[in-house]
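Quick look at what TrEMBL lists:
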type: TRANSMEM; residues: 42-64; note: transmembrane segment
type: DOMAIN; residues: 63-439; note: domain 'Cation/H+ exchanger transmembrane'
type: TRANSMEM; residues: 71-90; note: transmembrane segment
type: TRANSMEM; residues: 102-123; note: transmembrane segment
type: TRANSMEM; residues: 143-164; note: transmembrane segment
type: TRANSMEM; residues: 176-195; note: transmembrane segment
type: TRANSMEM; residues: 207-227; note: transmembrane segment
type: TRANSMEM; residues: 239-265; note: transmembrane segment
type: TRANSMEM; residues: 277-296; note: transmembrane segment
type: TRANSMEM; residues: 316-338; note: transmembrane segment
type: TRANSMEM; residues: 359-383; note: transmembrane segment
type: TRANSMEM; residues: 420-443; note: transmembrane segment
type: DOMAIN; residues: 598-747; note: domain 'Cation/H(+) antiporter C-terminal'
Amino acid sequence: MAESLPPPYHLYDNATYEFCFVLPPKVNSAGIWENATNSFMIFSYSLPFLELHFVMIFLVNHLVYTILRSIGITLFASQMFAGFIMVPILKQEQSMRILHNQVLGVQIMDTASLFGFTLFFFLTGVKMDIKSAFRTTKRSLGIGIVSLLSPILVGAAVQVNFRQPNEPEQVKMERLIGTLIEALTSFSVIACLLAELKILNTELGRLALSSAAVGDLSTLFLVHIITLSQHFVSSPLLVLVRGVIACCFLALLFFVFRLLMYWVIKRTPNGGLVAEVYITATMMAAVGCAVVTHWTDQSPLIGAFLFGLAVPDGPPLGSALIDKFECFTNGLFLSVYVTSSTMRIRLQKWLSDPSHVKFSTIFIITTFFAKLIPCCIGSYLNFMPFRDALAFGLIMSSKGIVQLSHVCTFRDNKLISQKVFTAMIFCILANATIVPLLVRFLYDPDSRKYASYEQRNLMHLKPNVELRVLACVHSPDNVPAMICLLDLTCSTNESPNAVYVIHLIELRGRNSPVFIAHHNQETSTATSSFFENIISFYEYEGNNWDLVTVKAFTIITPPKLMHDDICTMALDKQTSFIILPFHRKWIQKLLKQSSLSSFSIGMLFLGGKDDREALTLARRMARDPRVKLTVIHLIAYQNCRNVVYWDTVLDTEMLKDVKQNNGELGNGCDVMYVEEVSDCGAQTIKLIMSIANDYDLMIVDRSYGVDSIILTGLSEWSEFSELGVVGDLFASTDLDSSLSVLVVQQQQRINVKRH
């Protein structure tokens with residue numbers, strides 16, 4: 001069957017082309033032996049053709065990203081560069097001979113990539129917290145709206161300045177579309193950029209996400225208003241019908257489907273997996289919503305995205321959808337979509353019109369700065385440092401996959417010409433390449449976070465002052481033992497405990513981190529599911545009234561960024577003691593002894609700053625009448641000679657009180673001092689095995705020098721380096737003991753650049 005159609009991506013040529021299509025289409029082949037004279041005939045079938053394109057794009061993408069990643073180029077920009085590289089490759093004579101059926105290739109690739117991008121948009125809606133757009137601060141609201149309106153006003157001024165007499169309506173439409181693309185602020189693009197730059201959970205990242213949420217929803221509202229106003233002139237009844245259909249569609253999503261999904265969540269056991277049938281049904285409903293919006297003359301992306309917004313974000317349903325589909329969608333379909341979209345450019349056609357190149361360059365630069373400058377000024381006036389404000393403006397001006405999809409959609413609908421399409425693609429590529437590099441250069445949160453941080457540890461804590469403790473909790477199993485350990489720190493009226501509890505939860509099924517302060521009663525009642533794991537800390541506060549104060553927080557953040565949240569909280573609250581749970585044996589024996597009247601604590605002292613810090617903590621615990629402390633000083637045989645180091649002098653001074661008051665260390669504290677000598681690692685292991693069952697809790701250091709004769713050869717067998725050599729030995733499953741281990745490390749001094 002033959003029919004006359006304009007060729008793909010040459011929609012403005014005044015020529016007629018004929019193409020031959022085989023119906024029904026050939027999907028699969030019999031292999032390369034089907035045609036012995038021309039083995040490339042296999043690619044006249046749609047499935048082998050699609051597979052070849054997927055493999056080529058996948059390999060070129062990863063090759064380009066491997067090369068460019070070292071200089072800070074993002075994955076999205078690398079995928080676009082791969083598209084530029086593949087254009088001349090596919091124009092080679094050999095490639096043209098293999099991929100001779102260009103129409104088939106375009107149809108197949110467009111269909112596959114659009115389907116994949118629809119899934120991506122659905123998952124973007126799932127991860128987006130729509131509530132964040134309605135609970136933003138005035139600063140975020142103002143920046144979000146200004147970042148949308150300022151490029152529109154400046155873009156309109158540029159268009160008026162370059163307007164020609166008798167300008168065609170097509171040109172006016174193209175310039176209007178270009179202005180909207182430049183003004184668009186995409187939440188998902190900014191979230192992906194922040195995640196790749198690893199600043200998602202910083203103050204700058206949170207402000208950018210909340211402002212982007214406002215800008216994204218404002219853009220969606222503005223585009224629909226413009227579309228309806230254009231249709232209202234020609235057909236008011238059609239606008240009314242579309243408005244009613246849109247309202248009914250939204251009501252169906254948020255008052256029917258959303259309630260059904262909450263019903264699914266209630267049927268899912270706490271911490272359990274969502275049934276496979278519900279996940280499948282949710283995905284089919286997303287595809288169905290895309291089809292419905294397509295039937296109503298709207299983009300299928302809108303239906304999938306709105307349905308994604310209706311899905312409750314986070315565990316269990318939202319995270320289950322992300323876990324199952326995100327890797328496949330982003331790793332394959334999204335890569336194909338970005339690269340194949342970039343391959344549609346026609347550089348020579350754009351460069352052949354100098355006047356258009358001039359206008360495009362001026363327009364793109366002016367609208368970019370029209371977005372950058374107001375965001376920068378707005379954040380700077382709100383007491384943000386200039387470098388941070390400039391980085392924030394760049395982030396708000398960033399472009400990515402969403403802008404690319406809009407450009408491709410407008411091109412497919414014949415609303416923009418090939419020259420405008422090419423100019424916009426170049427604009428997106430330049431933005432996606434330069435902006436991340438500048439943000440990395442301007443914004444380094446750690447350099448200023450730690451530059452003015454004073455030394456805070458137990459050794460330098462003044463007597464009879466408040467001890468500020470940061471307790472980190474990952475799971476309910478951590479809570480009882482953590483409280484028991486806090487109770488052993490012996491808070492008094494002269495030296496009370498201020499405990500800041502962080503419940504750390506992995507960010508799953510969401511784009512933006514969540515910070516909840518539970519001591520705010522309004523917030524805690526709205527987040528009772530998170531409050532359950534830390535309510536025991538408030539009971540601990542009630543049992544130690546006037547001796548302990550507790551403030552609890554829940555932080556939902558990516559696992560790789562949890563350490564940033566812990567350090568930020570420690571800096572903000574000026575804590576001297578941070579407690580981190582370990583995933584293996586979590587204070588088992590301590591739990592068994594928690595209801596008894598006495599605790600036996602051992603402190604293995606090898607020497608060094610970490611041991612001195614550990615001894616300071618042990619001596620504080622020994623003030624508790626229930627505690628019996630034994631300090632075991634393990635001395636290397638070579639140190640029995642007349643060799644004195646500065647650390648040795650500090651250790652001797654630290655141990656002086658313990659030695660002189662052996663048996664009692666003031667205020668009736670029960671402290672024993674024991675010296676042991678070791679000349680090799682084997683003797684150290686024997687000593688550890690001999691004392692492992694004598695105590696309820698053993699306190700050790702983390703970073704004692706592994707080159708010491710005491711620990712000779714032990715570092716090679718260390719399983720968990722984060723515990724240190726000695727801590728790893730006590731935590732080993734080979735040690736037949738239920739001893740609890742507390743590994744202590746003193747604050748590390750770091751040198752950072754000051755801004």
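Every residue gets a Cβ built from N, Cα and C, even glycine.
Note that TrEMBL annotation is computational and uncurated.
Contact between the transmembrane segment (316-338) and the transmembrane segment (359-383) is not supported: fewer than 3 Cβ pairs lie under 8 Å, counting only residues 6 or more apart in sequence.
Between the transmembrane segment (277-296) and the transmembrane segment (359-383) there are fewer than 3 Cβ pairs closer than 8 Å, counting only pairs 6 or more residues apart in sequence, which means the two stretches are not in contact. Same-chain neighbours of the transmembrane segment (207-227): 128-130, 132-133, 136-137, 139-141, 143-145, 147-148, 180, 183-187, 189-191, 194, 200, 246, 375, 379, 392, 395-396, 511-512, counting only residues six or more beyond its ends whose CB sits under 8 Å from a CB of the stretch. Mean predicted confidence for the domain 'Cation/H(+) antiporter C-terminal' (598-747): the pLDDT average there is 79. As a summary of secondary structure, the domain 'Cation/H(+) antiporter C-terminal' (598-747) carries 60 helix, 36 strand, 54 coil according to DSSP. Counting only same-chain residues 6+ beyond the ends of the transmembrane segment (420-443), those with a CB under 8 A from a CB of the stretch are 72-74, 76-77, 80-81, 84, 174, 177-178, 181-182, 193, 196-197, 199, 204, 341-342, 344-347, 349-350, 356-357, 360, 364, 368, 387-388, 390-391, 394-395, 397-400, 403-404, 407, 410-411. Count of Cβ pairs under 8 Å against the transmembrane segment (176-195): among 42-64, 71-90, 239-265, 359-383, the largest is for 359-383. Only sequence-distant pairs (6 or more apart) were considered; of these, at least three Cβ pairs between the transmembrane segment (359-383) and the transmembrane segment (143-164) are under 8 A, so the stretches are in contact.
The list of residues near the transmembrane segment (71-90) in space but at least 6 beyond its ends in sequence, with Cβ under 8 angstroms from a Cβ of it, reads 56-57, 60-61, 63-65, 96, 99, 192-193, 196, 335, 338-343, 345, 400-401, 404, 425, 428-429, 432-433, 436-437, 440.
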